[in-house]
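Positions annotated as domain 'ABC transmembrane type-1' by TrEMBL: 70-260. Look at TrEMBL and you will find 9-31, 71-93, 105-126, 138-155, 193-218, 238-259 tagged as transmembrane segment.
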Amino acid sequence: MKTSKTTKVIFFIIAAIVSITFIFPFVWMMLTAVKPEPEVMTFPPKILPSEWKWHNFVDAWNSQAFGLYTFNSLLISFFNILGQVISGSLAAYAFAKFDFKGKTFFFMLLLGTMMLPWDVTVIPQYMQFNMLGWIDTLKPLIVPALFGSAYYIYLMRQYVEQVSNDFSEAAKIDGANEWQIYSEIYMPMMKPVIALVAVQTFVTCWNDYLGPLVFLNSRSKYTLALGLASFKGVHETAIVPTMCIAVVMCAVPIAIYLLGQAQMVEGITAGGVKG
């Protein structure tokens, strides 16, 4: 019993230290965002501001077109989520429940694309999008996602495979076609894994810096990540405004994660579906 209690205490202490290590930079960033600018460079540094300047957020937000950048990021994220969920779930359903010639080969080929990092394909993609006249538009950041992702297709396929075929067989007896079986039976069952895919896709798009940097030139097309980097380059000594925008950028995915946490955990840990 003593060993068990000691182990729990040690585990709690380690977990607390690790949590503080991860949380402290974000807390420091938030506190810096509401400090007067001169206090940021004082030594020794002050943890709490002498005066809480909440208008720093408004001033920083109005200093550039961050509203437009945020809209662009949300627009890209929305269509990426839509594409990944619809295309991914359709492909996952087909690979999990249909038997067709070359099924294993095509699935292995799909998984093989996961071995290629995006950095390797960026030059061919740029050349193709340039030929299509898509450079400096949001299309290169949206259209590829409409065809799904190997990782998300694999994730959803593993989930669908664990669903009993009894559901589809019963639906066929009642006269349902394949589309009805997919949309009215399997899609509702896939809510946990769809939530997981949606949250991960949103966070990936929201934080994406390299994609917008490669394909976008006009400031009116910038995403929030690219806008923040551009803002930091222009205002290298203006730490407080940079921290304000960084807080906003970090807060959104954290809020999304907290809202979808329960569904995400279920999507990761679900080992089957009970009828």
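Heads up, the Cβ atoms here are built off N, Cα and C, so glycines get one too.
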Near the transmembrane segment (138-155), which same-chain residues lie under 8 Å Cβ to Cβ, leaving out any that are not at least 6 residues past its ends? 72, 75-76, 79-80, 82-84, 87-88, 90-92, 95, 110-111, 113-114, 125, 129, 132, 193, 196-197, 200-201, 205, 208, 211-212, 215-216, 221, 223
Same-chain residues near the transmembrane segment (71-93), Cβ under 8 Å, at least 6 residues beyond its ends: 110, 138, 141-142, 145-149, 152-157, 159-160, 182, 186-187, 190, 194, 197-198, 201-202, 204-206, 208, 221-225
